[in-house]
2 protein chains.
Amino acid sequence: MVENVHFLPNDPPETIGRKLLRCNLSDLAAMGARPEGWLLTLARPQNLEDEWFEGFCKGLKEDQKLFSLSLLGGDTTSTKGPLVLSLTIIGSVLPGQAITRTGAQAGDGLWVTGTIGDGALGLRALQGHLSDPSGYLSARYRLPQPRVGAPLYGLASAAMDISDGLLQDAEHLARQNDLGVEIFSAEVPLSAAARHCGPQWLETCLTGGDDYELLFSVPPEHEADLEHTGSLGTVLGQVPVTRIGRFHSDYKGVRVLQAGGTPLTFQKKGWSHI
Amino acid sequence: MVENVHFLPNDPPETIGRKLLRCNLSDLAAMGARPEGWLLTLARPQNLEDEWFEGFCKGLKEDQKLFSLSLLGGDTTSTKGPLVLSLTIIGSVLPGQAITRTGAQAGDGLWVTGTIGDGALGLRALQGHLSDPSGYLSARYRLPQPRVGAPLYGLASAAMDISDGLLQDAEHLARQNDLGVEIFSAEVPLSAAARHCGPQWLETCLTGGDDYELLFSVPPEHEADLEHTGSLGTVLGQVPVTRIGRFHSDYKGVRVLQAGGTPLTFQKKGWSHI
């Protein structure tokens, strides 16, 4: 993460480090892996204040405890440029139990954890483009909730986490499996705060990114159980899961359909067609 | 490693990545660990040319083969500041066989691999402060020879690699063991190229850094064997080893003695006394 690219100098230091750590945890969660430890390297500008650094470390310390991690190493160096933070996370998974991005079959359902779009709306709220009276959306942007511990093995045929936007990442997942995927926009779970923003923000929710939710394919034989329980256990508690679409073999890429079956078109290029 | 701090924009890209990797390998070597894989993260300025990047990758690829490593992951991001390179290396060592910086006893010998000061002299040569007709010194600065595979377990009581300069690092080793260490400057192994620079460069050799040789303590019962063979096997071949001093319990820190026993004094502050 680079200052002025991934965060701003006036962002709260407590959440910058936590977000970096949590984005990494989300990657592990998507593979069904258990985090073991992390390494942190900083290129630190000389004018960075100790107070900033203390807040940064305090936030990381909290998350280290929350997720039962050990700091294994790293390095600190000086730079005349912006602050650069590099974090490596190491996790483990039993042999043969890692979930990858390939393995989805035509007919599998496409499922997500949690709600989609909160992070993207939170960023817009912090930029002053929409109101966020409860602060829920900006909190979701600043502090992702990685779904560490979600028991994907034996359930999901393929998985990834959503960081670049639901549609972009669903497109990646479909293409890596040489499949198409149909997404029903009315099924995409939105938080109360996101719904409150109004339908004009739906496109932002679907394409905006910063979700750090899990996106995974589930073979039909496992879907009834999942539908019944409606949630998965994670180290931070139960998280709801929702089927939002299905994989097909007769086309490649992503189709988004509204309730009733008409294709959804987007202002932003690239999402109006397959 | 940060551009303009640890390397210059006109340094050959082939060696920049290799040096970063090799500095990390040297850390593993000092623990008696075997390298398994590495992760690389780059914060890349937009004006960085593809040609530079190709050379950078080519160098790393060569070293990956040379040291039998796998690239396990990493990330690339953009920055408006200088190029920042962050490399994490992962190694393994059998339980209980890792060599740490503590464990040295009074009476242990202080030993080094290879020759000392070449890297520091190489940097001065590249800066135009001395001549390096063969290019040996600048090559040693740009391309450290990490002593991966040196069989320290069962031989060394404590070890580290020399990156900040022999005297500084010997000071660290002594203090972490709550001991003093006496170094005989005439015993410190210098390359032919370093000796050719003349005695006025001895201080640079002893304090300059960028050696990436191993510095280790050896209990007296293992010293006769080591003296007899005079070298250790590494993945890049045999490397000579030399005893340069001995640990003591009656003072803390580093003493440097010339042949004859008179203390060596230094122009640079901090090395004229304990």
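Including glycine, each Cβ sits where the backbone N, Cα and C put it.
Annotation comment: TrEMBL describes B:1-93 as domain 'PurM-like N-terminal'.
The substrate binding site annotation in TrEMBL covers B:His6, B:Asp210, B:Trp271. Within the same chain, residues at least 6 positions away in sequence whose Cβ sits under 8 Å from that of B:Asp210 (substrate binding site) are B:Gly119, B:Ala120, B:Gly122, B:Leu123, B:Tyr141, B:Pro144, B:Ser163. In the three-state DSSP assignment, the secondary structure recorded for B:Asp210 (substrate binding site) is coil.
Annotation source TrEMBL lists Mg(2+) 3 binding site at B:Asp27, B:Asp161. Every protein chain shown contributes to the tally, and the Cβ of B:Asp27 (Mg(2+) 3 binding site) ends up with 19 other Cβ atoms within 10 Å. Annotation note: B:Asp27 (Mg(2+) 3 binding site) sits in a helical segment as assigned by DSSP.
Under the heading Mg(2+) 2 binding site, TrEMBL lists B:Asp27.
Taken from TrEMBL, the feature Mg(2+) 4 binding site applies to B:Asp27.
In the three-state DSSP reading, B:Ser163 (ATP binding site) counts as coil. The ATP binding site annotation in TrEMBL covers B:Gly74, B:Asp75, B:Arg101, B:Ser163.
Annotated Mg(2+) 1 binding site per TrEMBL: B:Asp75, in sequence order. Using a 10 Å radius centred on the Cβ of B:Asp75 (ATP binding site) and all shown protein chains, the other Cβ atoms total 16.
Feature annotation from TrEMBL assigns domain 'PurM-like C-terminal' to B:105-224. On the 0 to 100 pLDDT scale, the domain 'PurM-like C-terminal' (B:105-224) averages 97 in this prediction.
Annotation for B:Asp164 (Mg(2+) 5 binding site): spatial neighbours B:His172, B:Gly209, criterion Cβ-Cβ under 8 Å with sequence separation of six or more. Per TrEMBL, the feature Mg(2+) 5 binding site maps to B:Asp164.
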Checking B:His6, B:Asp27, B:Arg101, B:Ser163 - which of these binding-site residues have a CB within less than 8 A of a chain A CB?
B:His6
The number of other Cβ atoms within 10 Å of the Cβ of B:Gly74 (ATP binding site), counted over all protein chains shown, is 15
Could you tell me the C-alpha distance between B:Asp27 (Mg(2+) 3 binding site) and B:Asp75 (ATP binding site) in angstrom, no decimals?
22
Reported as an integer number of Å, what is the Cα distance between B:His6 (substrate binding site) and B:Asp75 (ATP binding site)?
20
Quick one: pull the CA-CA distance for B:Asp161 (Mg(2+) 3 binding site) versus B:Asp75 (ATP binding site), whole Å only.
28
B:Asp161 (Mg(2+) 3 binding site), number of other Cβ atoms within 10 Å
24
For the domain 'PurM-like N-terminal' (B:1-93), the DSSP residue counts stand at 35 helix, 34 strand, 24 coil
